[in-house]
Amino acid sequence: MWGRVSFGTEAKLLPKDRGDFWSFAPGLSLLGYEPDTKRSRDETDVNGNCINIWMSPTAIEFIRTKEGKCKERCTRKERCERSNEPRRFASEMKQCVRLTVHPNNISVSQYNVLLVLETYNVPELTAGVNCTFEDLSEMDGLVVGSQIQCISPAAKEVPQIITENGDHHIVQLQLKSKETGMTFASTSFVFYNCSVHNSCLSCVESPYRCHWCKYRHVCTHDPSSCSFQEGRVKLPEDCPQLLQAEKILVPVEVIKPITLKAKNLPQPQSGQRGYECILNIQGNEQRVPALRFNSSSVQCQNTSYSYEGMEINSLPVELTVVWNGNFNIDNPAQNKVHLYKCGAMRDSCGLCLKADPDFECGWCEGQNQCTLKQHCPAQESQWLELSSTKGKCTNPKITDINPVTGPREGGTKVTIRGENLGLEFRDIASHVKVAGVECKPLVEGYIPAEQIVCEMGEAKPSQHAGFVEICVAECKPEFMARSSQLYYFMTLTLSDLKPKRGPVSGGTQVTITGNNLNAGSNVIVTFGRQPCLFYRRSTKHIVCNTTASDEGFEKVKVSVRVDKAKIHQELQYEYVEDPTILRIEPEWSIFSGNTPIAVWGTHLDLIQNPQIRAKHGGKEHVNNCEVQNSTEMTCQAPALAVDPSHQSELAERPEEFGFILDNVQSLLILNKTNFTYYPNPIFEVFNPSGILELKPGSPIILKGKNLIPPVAGGNAKLNYTVLVGEKPCVVTVSDVQLLCESPNLIGRHKVMARVGGMEFSPGMVYISPDSPLSLPAIVSIAVAGGLLIIFIVAVLIAYKRKSRESDLTLKRLQMQMDNLESRVALECKEAFAELQTDIHELTSDLDGAGIPFLDYRTYTMRVLFPGIEDHPVLRDLEVPGYRQERVEKGLKLFAQLINNKVFLLSFIRTLESQRSFSMRDRGNVASLIMTVLQSKLEYATDVLKQLLADLIDKNLESKNHPKLLLRRTESVAEKMLTNWFTFLLYKFLKECAGEPLFSLFCAIKQQMEKGPIDSITGEARYSLSEDKLIRQQIDYKTLVSTLSMLSYELVHLLAKKGARNGSEAKEGFGYQFRCSQSLVVLSGTTWVLSCVNPDNVNSSEIPVKILNCDTITQVKEKILDAIFKNVPCSHRPKAADMDLGM
């Protein structure tokens, strides 16, 4: 929540700190209280200005803004409780509550100090007031007129102040009304701690009442605790301190004192230690005893110092003067000691003599090194120093020259490097020759003793190459030097340039080819009157960048100058129209960028290195583009400079968006594009452990958000790459998840998702192998197998040894095998013959009677309304005659609505949104709708597609697994889909699939009934399912059918709903059969059971095959199957409705 406050003429937006308290400035506080939102509204005064009124427990503060409309919620005066009392309602800024406190700061070592608060515009506080120091303490305040007296916190409530956080802590001193319990005013109050200061200057320069005791070396707020004898200091100029000193130079390994100027140095008292100097050299602290001469001078005693390494010739060292062990003397001037080595990085005479004269270094010729004079042998002839008359170094040396080639016309600036190349410019001003040609030294390029830069004169045609020769001061042998390298005069030529054209704004990188183009020191290339900015060159190439043309589109002459040589060659370059950008697709990306963008324009092929740019928040990001042809190029979107920790969930527009096309300025910012950046996709980790366990072939689901940018039109698509280990997988994207079909891998692999310029790993995936055996189990099996093989080999060896003894046994076994083979062959023949007979009977029955198909009406009614034989949709409309016309008209109108797709979809969605709409109701509604629309299947299919699309979206939103979709019929759409398939499959079942399926059913049933079947568990002797197989051996006999005549009545089958006395049944099924048995000898004693229709004694007998272990119900079912084998199962009587009697 934010509040607008006008203070003076400036209006500021300030955040709400805590509770309902609004803090604006020290001494000014306003409390925000929202009035009743049901009744309040913004108010304006007579001038149309907004009146923003804030309600507090004791007043209503008034704030006026000059913005022409209301910015905050307003209220009326009459709605302010007790607004007529003095200072309860504020109508002007000067009437707001103000507060000051005296004193406004105290030390943390002061407790229970009386504080006096001056208040202004405060209402009557007869109920009392509390003083609160934020969360530190709270106590009663004493109201005395316009003043309020408070007591500062006790010792245990004072805030802790440590050195790292400064010397003070600011808290808000708040006044809280006892009438309402609300804070109505506050001001800043400071607690400070002088003891955190450990130096005199920082103590006395503190803005608080701090004093320094120099003999105790402490800072305190209480001057009484630091007497005059203890050296109490209040002013900075009275502090003990070191004064500014000139540069302190100390050579290493030389014993030397260090004298420092100071003031106010204390004299150590009885029991206190003296002065010391502390030097921190390369991290090592070196303490040196020091002597205080008086209060204005201290000297570090004679000591030598050193540091490691010859790569540093001068090392500044921190210097600290202390007394009494650790009492520091302030060093405001930051005086340092400079340790130096004459011989460090001064390997030649010239480098030695050019050192700082204050170092007093010189060249010792006897030792051939730079050192101090006292370290050189006593002979004067061996010592050279800059101030002496013999301060000239002999034996100059040239180590390098650059360049080593140049044009004959001259002007080349040759850089000569070496040793002892003079100490002043005049030493070499007129004594330099290069390949026999005078070379004029340049003052600006001269480095004493180390480098000479000279400009070549013009060479004669006869001069081709030569050495560099110099004289230092005078041309005597000991002051002369010659280079080991040769300098050559070259002839430069041009042959071609590429490209031959570019945009008129310039920026094109042009390569000019030729010979000897690396000669000389300075190259100037011009295209007409415009310079081409030099970039680099080699022997065969000069590369430069064109500048903008002032003369527009034209062909210009190319001119190349190397030093003073102008290369003559007719080369031309053409300035053409700048490229333009016509269209960008798509006009969006994500914050991380690197999504593909197609760009169309003109003259794009002129650009050699096109780039795309985006600037946001003052930061610019660029990315590369690739030119396809003159009108098209592809780019990778640049990233947007958005802080990852403050990424918004909303789209962002860059401040600037455009292209860097060489030097074409008009395209740096495109004003006609609405390029938008959307938040980066955010992925979730798999689980807290970071490891997802899967089976082979299971998909990997990466959940997250922003996976599809919310681009207008909904056609946004990001190219996701998901790697499982090193292998990519096929990705399906929705707004909240990525579905990755895992590759054929097993084991543990890292999952990495990449999109645009970002990548994220949600964790590891462990794909367990299909094998149920673990590695130890496999090893155990292999070992056991090996032992088994060894055992078998041993047995075979033993068997071979006893082969003679086993010949008779082998022959006997062979005879038994032959007998067994004969029996098996005989059984196979009998089984094959029986199978052929069964197949013939089955096919003949089907050929004769055909498949008992249901008619289309019955077939559809059983699927649409299962269990309902006489559904109302099959009957005529049963309404009274006087209502029939009205009802029929209503049904026609409702049919028209059903044929309206919008109504039908809304109708279904409304029904499904009702909690009382049960599963049975959903099935009935779906069946009724499909009944109405079965003649308009195209329309029904369109409606069904829309409902299924809604169902899929709902499944994705609930983050269910895709395999769970359509698994249960829980919606109208799923039931309609079932009915839709029912209508369309009828013809296919009747003409194609029905007959093979029925034949397969009959064959399986016939095969199973040849053996025992458990009527309880459904297990069978000849079951095709291993789980439903009767494994124990059961002895049973088959009653084989015969053609013998009826001998005596065995079974009397009657319908329960028919006659019980043997008379003909008139109700129910009305079926009555008689069955008989006879004894026939086949391959043993078997039973024969035959049935005949008593109503037609001339009808043929019906054979029935039963087992002696069948139950009564199983016998009845087999008899019914035999009698009604060509009747549909739905038209047959049920076994439970029949009796089996003797």
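Cβ atoms here come from the backbone N, Cα and C positions, even for glycine.
TrEMBL labels come from automatic prediction, so no person has curated them.
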For the feature coiled coil as recorded in TrEMBL, pick the matching range from 19-46, 271-298, 803-830.
803-830
On the 0 to 100 pLDDT scale, where does the domain 'PSI' (193-240) sit on average?
88
Tally of residues which DSSP labels helix, strand or coil - the domain 'IPT/TIG' (680-776):
2 helix, 46 strand, 49 coil
Treating G and I as helix alongside H, and B as strand alongside E, what does DSSP give for the domain 'PSI' (341-394) in helix, strand and coil?
14 helix, 10 strand, 30 coil
